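Down below is the structure, laid out as structure tokens.
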Amino acid sequence: MSWTQPALLTCLLVLSAITLFDGADSAVSDKRDAVNPQGALRKIFMPEADAASFFKRRSRRAVKTQDEINAEQRQRLAADERRREYHEEQRNKYENYAEEENDEQDERTREKTEQWREFHYDGLDPSYEYNRHTI
């Protein structure tokens, strides 16, 4: 029970301080703020007349202007160029990889052939097996 009295007294002091000072008015929004939005809200929302004419300016079936057609064509061409460059780069990477693999395979084959020749060498040049004279 001893802690309830100081807690109650503290709550009353805080409540009286809030009601006496004008700083509490800033937490409440005024009607004029809603009428005149400022900052980010002004960028998001537009007047009703502009919003109505926004969709009237160009409907879905309206013909595109030449500038719009040219801009879309430039975007398409740029995308095609990026795609072409990407595929060319991938093809070059694969060709380099395949060439290195073939070179390594050729090297392994050459080494194995040399080892086989050294193992089967009989002292004759060319080797006796390949230089037989038929009688």
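Cβ atoms here come from the backbone N, Cα and C positions, even for glycine.
Residues or ranges marked as coiled coil by Swiss-Prot on the basis of sequence analysis: 64-114. Summarising the annotation, Swiss-Prot assigns compositional bias 'Basic and acidic residues' to 65-96, 107-123. Taken from Swiss-Prot, the feature compositional bias 'Acidic residues' applies to 97-106. Look at Swiss-Prot and you will find Glu68, Glu72, Glu81, Glu85, Glu88, Glu89, Glu95, Glu99, Glu100, Glu107, Glu111, Glu114 (among others) tagged as 4-carboxyglutamate, backed by similarity to another entry. The region 'Disordered' annotation in Swiss-Prot covers 65-135. As annotated by Swiss-Prot, signal peptide applies to 1-26, with the evidence given as sequence analysis.
Positions of the features from Swiss-Prot, shown on the structure.
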residue: Glu68; record: 4-carboxyglutamate; DSSP class: helix
residue: Glu81; record: 4-carboxyglutamate; DSSP class: helix
residue: Glu88; record: 4-carboxyglutamate; DSSP class: helix
residue: Glu95; record: 4-carboxyglutamate; DSSP class: helix
residue: Glu100; record: 4-carboxyglutamate; DSSP class: helix
residue: Glu107; record: 4-carboxyglutamate; DSSP class: helix
residue: Glu114; record: 4-carboxyglutamate; DSSP class: helix
Glu72 (4-carboxyglutamate) and Glu85 (4-carboxyglutamate), distance between Cα atoms, whole Å: 20
Residues near Glu72 (4-carboxyglutamate) in space but at least six apart in sequence (CB under 8 A): Lys64
Cβ atoms near Glu81 (4-carboxyglutamate) (within 10 Å, other residues, all chains): 10
Pairwise Cα distance for Glu107 (4-carboxyglutamate)/Glu100 (4-carboxyglutamate) [Å, integer]: 10
Same-chain residues at least 6 apart in sequence whose Cβ lies under 8 Å from Glu99 (4-carboxyglutamate): none
Segment-level pLDDT (mean, integer) for the coiled coil (64-114): 96
Glu95 (4-carboxyglutamate) versus Glu81 (4-carboxyglutamate) - Cα distance in angstrom: 21
Long-range Cβ environment of Glu95 (4-carboxyglutamate), under 8 Å and at least 6 residues apart: none
